[in-house]
Amino acid sequence: MTFSSAADFQDEFDVIVVGAGHSGCEAALACARLGCRTLLLTLNLDKIAWQPCNPAVGGPAKSQLTHEVDALGGEIGKMADRTYLQKRVLNASRGPAVWALRAQTDKREYAAVMKGIVETQANLVIREAMATDLILGANEQVLGVETYFGTCFAAKAVILTTGTFLGGKIWIGGKSMAAGRAGEFAAVGLTETLNRLGFETGRLKTGTPARVDKRSVDYSRMEPQPPDDEVRWFSFDPEVWIEREQMNCHLTRTTAATHQLIRDNLHLSPIYGGFIDSKGPRYCPSIEDKIVRFADKESHQIFIEPEGRDIPELYIQGFSTGLPENVQLAMLRTLPGLENCVMLRAAYAVEYDYLPATQCYPTLMTKKIEGLFCAGQINGTTGYEEAAAQGLVAGINAARFALGKELIVFPREESYLGTLVDDLCTKDLREPYRMLTSRSEYRLVLRSDNADQRLTPLGREIGLIDNRRWQLFQSKQANIIAEKERLHETRIKERDQVAIAIVKDTEQKIKGSLSLADLLRRPSLHYLDLDRYGLGNPDINLAEREGVEIEIKYSGYLKRQQNQIDQISRHSNRHLSPDIDYMKIETLSMESREKLTKIKPATIGQASRIGGVNPADINALLVYLEMRQMSAVKS
């Protein structure tokens, strides 16, 4: 690291963001929109917000994150709505807590549109450079960064959003090269700086499948996966809702020949050949991992997805591998429909450095260096949506730090975004982290449809929601409240013609009279049915109708979960001072003392989720806090 006395600054900023992927773009835009002069450093100005793996946004839990980022004033949801090739709602037959919108996006259009947004954003400067060193003050606080060629930039806060580029190395078979992703060089120097400053770093692995030429594929041998007829939106802002022609994806499957070919060549893969031992993503395994871990499965689904409207490349989802190129091509040609395929890009594995996020506060500022924030894959996550969510959190807090304002913690009970950050900062994760609906204990109340209700008021308070968005939000909430009141107050009598028709269709009796709200609570009846019987409200839109139906139909469950949240939060949100010396609290087990000392949780709730800290330790900690408070009062 360089100290300020040795630095000759070329320019001064409030915040510097290192890396212009999905995390870096959200962070930089948030900082600039909050009034901070911001510098966004990238290794390649032509690869801003690139989608190096699957060009898609959303899916289970990831769609909730995307809606939440949008509700706070972020960009990823708008980007997906502007550039989609296909949209589908996954899990539509199940409850609203797990509904998941997914968009296949146009890879090049996505990057071009985002590049235009960051280039025209006020307060935001973009520069092509590799940051290799941090410039620190006398108290080891951040003062700026130094690039590979020795240029120094000053800043009050720095956000590291380095993706897979820190010490990146790509592998195909037993051969490797230094690269953050294929065709782009790795970032050097920064890992060594972090190590010198006392940070723990580790290695993780991910991978991407081959791309094939769509002109060499026989679609008649595959099952079409059409888009939904009714287009849904990630953003709560109708200004970015662009209706456009959609494209099919396709489904094929692995065969016995595929599996045999993989088994015969396992020794040539980077992992099974022993060339690398970094942990890969559990929920996005390579095809080799699938064949080994699920040896009893005769076949695996493979989705064939377009990467753009005007390019020939197809993404082979579910077929990532690190096997040699000649083996890859032979494997691809065992898939029905791909017997004569032409491979345009080979699949590869990539390993990279990361910084376990237990070294960060839930604000994503590091505990060791004041003013240094980390977001995205450097924190051990995988996925564009996880990266974007962290980028927004880090951007908001870096801006507030630079402006001398109090930093914000997003509680896990109020958002998936909060759950994500809490897990990262609390749990000792040693494999790439992916957001899942099962990771949230509060998923009934943390739905996509109410992300704006939960987070837009906070986005407004922070300063990321403008007057137009705020008026849209207030109008929607007022319409939902008014419609719920109407449904509770409007009753139908058993002798009414409409009631007789409903009884006949549903085979459920109406005794005396029934409110429309009680009618809507029936499992088999939906708001669309109210419309059919002339009982709906034509003045409210689809999102408002869904919000009304969910809140009425699931009101009992939602109330119960909200009560649980309120009960837990009484103790969970109790603050733990960073100066507590846990090693001196003898009523704690030694393991919990060590874990608490290492992680320094911000709240009792965070402490309770640390592995090795049991309920008895939490009780002892609560007693300690009471005694500490009493002695403070006495003194």
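Every residue number used here counts from 1 along the chain in the order it is shown.
Even glycines carry a Cβ here, placed using N, Cα and C.
Keep in mind that what you see is a predicted model, and the values were worked out from it rather than measured.
The FAD binding site annotation in Swiss-Prot covers G19, A20, G21, H22, S23, G24 and rests on sequence analysis. In the three-state DSSP scheme, G21 (FAD binding site) falls into the coil class. With a 10 A radius on its CB, G21 (FAD binding site) counts 29 other CB atoms from all the protein chains.
The NAD(+) binding site annotation in Swiss-Prot covers 280-294, and the record cites sequence analysis as its basis. Secondary structure from DSSP puts C284 (NAD(+) binding site) in coil.
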_Under 8 Å by Cβ from V292 (NAD(+) binding site), same chain, sequence gap 6 or more_ = L266, Y272
_C284 (NAD(+) binding site) CB neighbourhood, other CB atoms within 10 A_ = 19
_Here's one to test understanding: among the binding-site residues G280, R282, S286, E288, K290, whose C-alpha is closest in space to the C-alpha of G19 (FAD binding site)?_
G280
*Please work out which residue of H22, R282, K290 has the most C-beta neighbours within 10 angstroms of its C-beta, and give that one of the binding-site residues.*
H22
*Enumerate the residues of the same chain, G19, A20, G21, H22, S23, G24 excluded, that satisfy the criterion Cβ within 8 A of the mean position of the Cβ atoms of the recorded FAD site; list them in sequence order.*
V17, C25, E26, A27, T42, A49, T161, G163, G376, A387, G391
*Under a criterion of Cβ-Cβ distance under 8 Å and sequence separation of at least 6, what residues of the same chain contact F294 (NAD(+) binding site)?*
H300
*Ranking the binding-site residues G19, G24, G280 by other Cβ atoms within 10 Å, which is at the bottom?*
G280
*Which one is it: of the binding-site residues G280, R282, S286, K290, whose Cα lies the shortest distance from the Cα of G24 (FAD binding site)?*
G280
